[in-house]
Amino acid sequence: MDSHELTAFLRDAEKFVLSYGSIIERAPLQVYGAALVFCPKTSITQNEQWRERLSFIKTVVGVRDRWGTLRQTLEGHNGYVNAVAVSPSGNTIASASNDCTIRLWDAALGTFRQMLEGHSDWVRAIAFSPDGKILASASNDRTVQLWRAPTGAFLHKLEGHSEWVRAVVFSPDSNSVASASNDRTIRLWDAATGLFQQKLEGHSGWVYAVAFSPDGITLASASSDHTVRLWDTSRGALQQTLRGHGGSTRAVSFSQDGKTLASASDDRTVRLWDVTTGVLQQTCEGHSDWVRAVTFSPDGQTLASASNDGTVQLWNTATGMPRETLEGHSDYVNAVAFSPDSQTLVSASDDCTVRLWDASISSQQTPKGPDVNVYGVVFSSDGKTLASVSDDWIVQLWDTATHHQTSRKHSSRVRAIAFSPNSTILALASDDCMVWFWDITADTFQQALEGHDNYINAISFSPDAKTLASASNDSTVRLWDTATHVLQKTLTGHTEAVGAIAFSPNGKTLASASVDYTVRLWDIVTGALQKTLQVQSSSAWVTAITFSPNGKILALALGNYTVRLLDAATGALQQTLETDQILTELAFSTDGQYLKTDYGMLKLAENTFPNESLNQDICDYALFVGKEWVTLGGRNLLWLPHEYRPTCVAVYGQTVVIGRRPGGLTFLHFDLESLD
């Protein structure tokens, strides 16, 4: 290996360790699992070490091609992360969360150092003093708390605000602290003693943010009254009011020379103002939702903004033009902060993570993956085909062996999909309130079924494939002849939307579950209502339903992360299973030991089918995809990095398919016999 190859390897290895250091620290064997599986295909480390992967990992399809701007994802908070700050030394990152805590992280390694506890409600904002000695935090508990930055020791509690405190910032000389509140005021405090100094009043709405000018003379504030106000800190006097935003102003930041002020707003824009004249210089447009945060880089070359659209935008401060879009967060991005050298950007999100980005990489160097949200995947009954639907109205059929795909653009958003029992037909229900048939063999779309006058939530084939049932927001279930496409019956009785349906194994009974908290059993031949079962859960809706192989038990998946097994005759509760996912697909395994779900297998109690002779020939692998792990029989198998956590999942045998936002599909093929 020559010097150039060695340098390239070391750089790649550094990215490898930084990206997966947190899980390697918690579960060291995942260096041969998740780290090798999910690092880019062109990674030198992966190519050199792939043969050392955990034995049960067979093949993986659908990972990114190369390293991008994302360096690390820091996980640990149990709630939305509202704020981040980087210490003046650049060694420490602080994050504040709805879990009422502040966490301190090693900025170089991404490792967790310390948790600061003391607030009794959400922590909204944090800031390091410029001298690096103090950390300030602001909370919904109406207080600002000061902590000794190096040790985390508590110093002072600043009390006086009568509503949530949304922002906190230090003056450039570290002597004063400014706080902003829903009580429409800004308060200034002595940082050394915690004593109140003065109150600034004038906003007619909540004050979301405050920022000192570099010389400490001016304080800027942003408010829900749509204005930015500039204050003389020595006199506490209002200097000027900047108007122009068409929504609440959420954030403000001064440029390094103090001549320009950036403001972020619910009107989806960032605006740049001349601080001396108050004149609007430029409007930066590009976000598709509220802009919640904005900050200048220390070198003055870049402006970063964070938005409810899930992205961070980097702007060229000289031109005001967009330079880069950082994508990866799966929820609102609440805050951004640069490292002192301007090379790293830190972001905080409602997805409960803190992310570190390489702010020096240009857009030409950043890999662009599929920018789609796959929200539905399902296997055919023989496991040879996978259907997926995405928010661009594309329906795709995948050969699960070759990963070859066939795509069709639908006429509207697809709400439900189902394969026929023989795997030759894919039925699709869409926002046009119709059901369509895709003949997979002929690759043709067949006649649509029309009749519902509201969205269709679920579709299901009868065991003999002669009938298709559709459930709708119009409170009805309709039965269709799949050969003639003629409506056979309309089942009425539910008083609210019907969200889930299932045929009994003999095809004679249909179960329907509704938002009216009932499950109804219908005679397929006559259309008569046989029985109404009450679902005793006013806090959750039924997301999936299925019959046991003997038809005596109904399994219901609910939106409160539970599965309930009911006696189909009496409705009596027999068993409750808990999971960390909301399930939309249910089926019993033929041996009666498991429930097959879209996220994998759930183990049933040993006495679920007493005195029953069930098929013992089929062995299903007990894979399950949780929020962070793929598990086997309840044991952690493969950790999922945040960017590979699913919006939807399909599991068949030893294959797991994950739909991601954004990024398309990832296929994980396992060889579980190697674990024996």
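Any Cβ shown, glycine's included, is placed from N, Cα and C.
What TrEMBL lists as domain 'Anaphase-promoting complex subunit 4-like WD40' is 536-586.
Taken from TrEMBL, the feature repeat 'WD' applies to 74-106 (among others). Same-chain residues lying 6+ beyond the ends of the repeat 'WD' (74-106) with a Cβ under 8 Å from its Cβ atoms: 22, 112-117, 119-128, 130-132, 135, 137, 139, 147, 149, 152, 331-332, 334-341, 344, 346-350, 352-356, 642.
The repeat 'WD' annotation in TrEMBL covers 116-157 (among others). If one looks beyond the repeat 'WD' (116-157) by at least 6 residues along the same chain, the residues whose Cβ comes under 8 Å of a Cβ in the stretch are 79-80, 82-89, 92, 94-98, 100-104, 163-170, 172-174, 177, 179-181, 189, 191, 193-194.
For 158-199 (among others), the entry in TrEMBL reads repeat 'WD'. With a cut-off of 8 Å between Cβ atoms, the residues of this chain six or more beyond the repeat 'WD' (158-199) that come close are 121, 124-131, 133-134, 136-140, 142-146, 205-212, 214-216, 219, 221, 223, 231, 233, 236.
For 200-241 (among others), the entry in TrEMBL reads repeat 'WD'. Per-residue pLDDT, averaged along the repeat 'WD' (200-241), amounts to 97 for this model.
TrEMBL lists 242-283 (among others) with the feature repeat 'WD'. Secondary structure of the repeat 'WD' (242-283) per DSSP (helix as H, G, I; strand as E, B; remaining residues coil): 0 helix, 23 strand, 19 coil.
As annotated by TrEMBL, repeat 'WD' applies to 284-325 (among others).
Residues 69-75, 77-86, 88-90, 93, 95-97, 105, 107, 110, 292-299, 301-302, 304-308, 310-314, 371, 642-643, 645, 661-662 of the same chain sit 6 or more residues outside the repeat 'WD' (326-358) yet have a Cβ under 8 Å from a Cβ within it. Marked as repeat 'WD' by TrEMBL: 326-358 (among others).
As annotated by TrEMBL, repeat 'WD' applies to 367-408 (among others). Long-range neighbours of the repeat 'WD' (367-408) within the same chain, counting only residues 6 or more positions beyond its ends whose Cβ lies under 8 Å from a Cβ of the stretch, are 40, 61, 64-68, 327, 414, 416-419, 421-423, 426, 428, 438, 440, 443, 445, 585, 598, 647-653, 655, 657, 659-665, 667.
According to TrEMBL, the feature repeat 'WD' maps to 407-448 (among others).
Per TrEMBL, repeat 'WD' is recorded for 449-490 (among others).
Sequence-distant contacts of the repeat 'WD' (491-532), counting only residues of its own chain at least 6 positions beyond either end whose CB sits under 8 Å from a CB of the stretch, comprise 454, 457-464, 467, 469-479, 538, 541-547, 549-551, 554, 556-557, 566, 568-569, 571, 586. What TrEMBL records for 491-532 (among others) is repeat 'WD'.
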Same chain only, please: residues at least 6 beyond the ends of the repeat 'WD' (200-241) with a C-beta under 8 Å from a C-beta of the stretch. Say none if there are none.
163, 166-173, 176, 178-182, 184-188, 247-254, 256-258, 261, 263-265, 273, 275, 278
DSSP-wise, what's the residue breakdown of the repeat 'WD' (367-408) into helix, strand and coil?
0 helix, 22 strand, 20 coil
